[in-house]
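Participant: Sharing a structure below in C-alpha cells format, with a few things to ask.
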Amino acid sequence: MSTNSDLRVTLYTYFRSSCSARLRIALALRSISYTSVPINLLKGEQSSTKNTAVNPSATVPTLIIEHVDRSQSPITITQSLAALEYLDEAFPDNPNPLLPPISNPQQRALVRSLASIIACDIQPVTNLRILQRVAPFGVDRAAWSKDLIEAGFAAYEAIARDSAGVFSVGDTITMADVCLIPAVWGAERAGVNLGQYPTIKRVAEALEKENAVKEGHWRTQQDTPTEFRC
C-alpha cells in the first residue's frame, strides 16, 4: 500500500451522524489525515447531486481515497463498516489497528459482532431517515428511538460484560468501541439511562478521555453549529 503522504483522503460527513463519527474517530485513531466535506442532513444535502455523485444511497459517510499522482483510480466506500475494515487492511503500518490480529479469528468475530449490534440492530432503525418516515403514522419518535437503543444496548451489555477490559474487548480500542461511543452520544440525546448498562457506561467513560474520540466528537466538527460547540 502507498504511504499516507501519497494519498488524499476525503470524508463526506455530518457533525451529528453517528456513522460519520465512527470514521472520524477511526481516522484520528489510526493517524490518517483527511479533508472533511460537510453534508447537512437537515437541509437535505444528502440528496444533492454533489453527494449522490459519490454516494448513490444518498447517505453519509462517504470515504474517498485518491492517489496524489493519479496513478490509480480513486477508491470510494459508502458504508461505514466497510470503510473501517478498509482502513485496517489498507494501512497496516499505521498505529492502533481496529481489529485483533488475524491469528485470533475468535476475537475478530467478537469485535465484529459487537460493532454489528450498533451498526445493524440500532442505528438503521433510529436514524433521521427512518424517524421521518414513521412520523406520519403517529409514532412517538423519541420513544421509538429510546426503546430500540435500549434493546440494542441490552444485547451489547450482555456480551461486553464478559469481553471488556478497559474497552469493549480487552484493553485496546477496537472497531466495536469506534461504533459504540457515537451510539452512546445518541442514547444520551434520546434520554437513555446508561446506568442500566454498567459495562457500556464504564467503557464510554474511558473512551471519552481518548484524543481520537475528542477529535471525532460531534461537538468539535467544522460544521457543528456554534450553540452546540464545546
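We number each residue from 1, going along the chain as drawn.
Every residue gets a Cβ built from N, Cα and C, even glycine.
Feature annotation from Swiss-Prot assigns glutathione binding site to Ser17, Ser18, Cys19, Ser20, Ala21, Arg22, Gln46, Val60, Gln79, Ser80, Gln123, Asn127, Leu128, Arg129; the stated evidence is similarity to another entry. Positions annotated as domain 'GST N-terminal' by Swiss-Prot: 7-95. Annotation comment: Swiss-Prot describes 104-226 as domain 'GST C-terminal'.
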Participant: For the domain 'GST C-terminal' (104-226), what does DSSP give as the number of helix, strand and coil residues?
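Facilitator: With helix first, then strand, then coil, the domain 'GST C-terminal' (104-226) has 93 helix, 2 strand, 28 coil.
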Participant: Find the longest CA to CA distance in the recorded glutathione-binding set Ser17, Ser18, Cys19, Ser20, Ala21, Arg22, Gln46, Val60, Gln79, Ser80, Gln123, Asn127, Leu128, Arg129; express it in Å as a whole number.
Facilitator: 18
Participant: Relative to the Cβ position of Gln123 (glutathione binding site), how many further Cβ atoms are located within 10 Å?
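Facilitator: I get 23 for this one.
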Participant: Is it possible to get the count of other C-beta atoms within 10 angstroms of the C-beta of Ala21 (glutathione binding site)?
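Facilitator: Looking across every protein chain shown, the total is 27.
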Participant: Would you mind listing, in sequence order, the residues at least six apart from Gln46 (glutathione binding site) in the same chain with a Cβ closer than 8 Å to its Cβ?
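Facilitator: Set apart from Gln46 (glutathione binding site) by at least 6 residues yet with Cβ under 8 Å, we have Tyr14, Ile39, Thr52, Asn55, Ala58, Thr59, Val60.
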Participant: Counting Cβ neighbours within 10 Å across all chains shown, tell me which of the binding-site residues Cys19, Leu128 comes out on top.
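Facilitator: The residue with the most neighbouring Cβ atoms within 10 Å is Cys19.
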Participant: So which one is it: of the binding-site residues Ser17, Gln79, which has the fewest other Cβ atoms within 10 Å?
Facilitator: Gln79
Participant: Taking DSSP states H, G and I as helix and E and B as strand, how many residues of the domain 'GST N-terminal' (7-95) are helix, strand and coil?
Facilitator: 30 helix, 20 strand, 39 coil
